[in-house]
Amino acid sequence: LSSPRHKRACQAAGKEVDLDEGLVDLDLRNDSDTPDVPPPTDSTPEILKRALSGLSARWKNWWIRGILSLAMISMFFLIIYMGSFMLMLLVLGIQVKCFHEIITIGYRVYHSYDLPWFRSLSWYFLLCVNYFFYGETVADYFGTFVQRREQLQFLIRYHRFISFALYLAGFCMFVLSLVKKHYRLQFYMFAWTHVTLLITVTQSHLVIQNLFEGMIWFLVPISSVICNDIAAYIFGFFFGRTPLIKLSPKKTWEGFIGGGVSTVLFGFVFSYFLAQYQYFVCPVEYNSETNRFVTECEPSELFQLKKYSVPLLLQAVLGWETVNMYPFQMHSIALSTFASLIGPFGGFFASGFKRAFKIKDFADTIPGHGGIMDRFDCQYLMATFVHVYITSFIRGPNPSKVLKQLLVLQPEQQLNVYRTLKSHLVEKGILQPSLRG
């Protein structure tokens, strides 16, 4: 016979099993159980709809994509003309919009659960992470500007502690917002927000880091991805017959190969054009006297013409024994090859994400293209590659950065560095022994 205590224990165990089974069921929902997201509205301007009303859906989409692509490219060139600061604002604006589109999908999918503070905390974490990364950028590239303002010196000195304290506040608010019935779902959304931050904010920070190395390191990679996207679409539209990947049924091998070859050729020629101008090749630096960004320098060896021997196999075809090229053009081949071979996998990843939630596009911001994230899904992979490429194969010690760090030291610390450096130069024979005193 069972005792009352034993019966109560069995009942409690049964309830725990039911709860666990319910949570497992939540985890094991298949794609067909995923809540539907409301379809995006058609944001095509009425003037375009009327002008293209007589065309088939295929050609109508072709013209809409083409016209909007030319408009976006023209706007991009205008922003380039306006300078590096406007490019940084553009990157920030794109980052915020991409974050908004991904977070909105999560909010729409699980809106029926009425999760407390989800959207507010998501935007709060976005502000915290941006504060951290942009503060690091200010400390690295605006050292002389910071030294002149005591308030900024305090913020920079304790920047990482302040950033961590801000994040902790958001973390505590999340814990306080937990509701008994929605624990697991709230943790799903917490992870959703942090992965979105990793995809958008971290990568956009790397884009700006690349820009500071010289505008050419910003323009060539981004333009290569744009070129590959356009060329792959054109080749696929006219010649596409063989499907490339199930995640994205409209992608074809013909488009993939045609886009890849076009991108490498474009990157090589475009690099030759940009490498001729200081505006594009010089590192972007902040001039504290004029309060402006400047791009003036003596171009490095990467951007000085050199004579190269043409391989024997190509000599018979081209009729040239030597050719004058910029060394950067060789690096552009690596960048454009990555843009055409690996970059599209960012798009495939985004396609899988959209299929998981039964949506065609991330948003309907750009007619014929979808959302901002639909246009920039490949750019984030590219940004990371360029940053790793620069730090691994290009960038050496940065004297200006070292000097900025020295200027922040106390006078006695600066004297110690001076004596150590002087002694080292004398030992190397660079300074005359008579200068020791």
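Just so you know, glycine gets a Cβ as well, placed from its N, Cα and C.
Just so you know, TrEMBL annotations are computer predictions that nobody has curated.
As the structure is a computational prediction, the values presented were derived from the model and not from experiment.
Feature annotation from TrEMBL assigns transmembrane segment to 62-94 (among others).
Annotation comment: TrEMBL describes 115-134 (among others) as transmembrane segment. If you look at the transmembrane segment (115-134), the same-chain residues 6 or more away from its ends with a CB under 8 A from one of its CBs are 92, 96, 99, 103, 106-107, 159-160, 162-163, 166-167, 170, 173-174, 177, 179, 182, 185-186, 189, 193-194, 196-197, 201-202, 205.
TrEMBL lists 154-176 (among others) with the feature transmembrane segment. Distant neighbours of the transmembrane segment (154-176): 117, 121, 124-125, 127-129, 131-132, 135-136, 138-139, 146, 186, 190; these residues of the same chain sit at least 6 beyond its ends, with a Cβ under 8 Å from one of its Cβ atoms.
Through the fold, the transmembrane segment (188-208) approaches residues 88, 91-92, 94-95, 98-99, 102-103, 106, 110, 115, 118, 121-122, 125-126, 129-130, 133-134, 136-137, 174, 218, 379-380, 383-384, 386-387 of its own chain, all at least 6 residues removed from its boundaries and within a Cβ separation under 8 Å. The transmembrane segment annotation in TrEMBL covers 188-208 (among others).
Residues annotated as transmembrane segment in TrEMBL: 214-240 (among others).
Among residues of the same chain six or more beyond the transmembrane segment (252-275), those with a C-beta under 8 A of the stretch's C-beta atoms are 215-216, 219-220, 223-224, 227-237, 239-244, 281, 302-303, 325-326, 328-329, 331-333, 335-337, 339-341, 344. The transmembrane segment annotation in TrEMBL covers 252-275 (among others).
Residues or ranges marked as transmembrane segment in TrEMBL: 328-350 (among others).
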Cβ contacts under 8 Å made by the transmembrane segment (62-94) with residues that lie 6+ beyond its boundaries: 44, 48, 52, 55, 130, 204, 207-208, 211, 215, 218-219, 226, 230, 233, 237, 284, 293, 295, 366-369, 372, 375-376
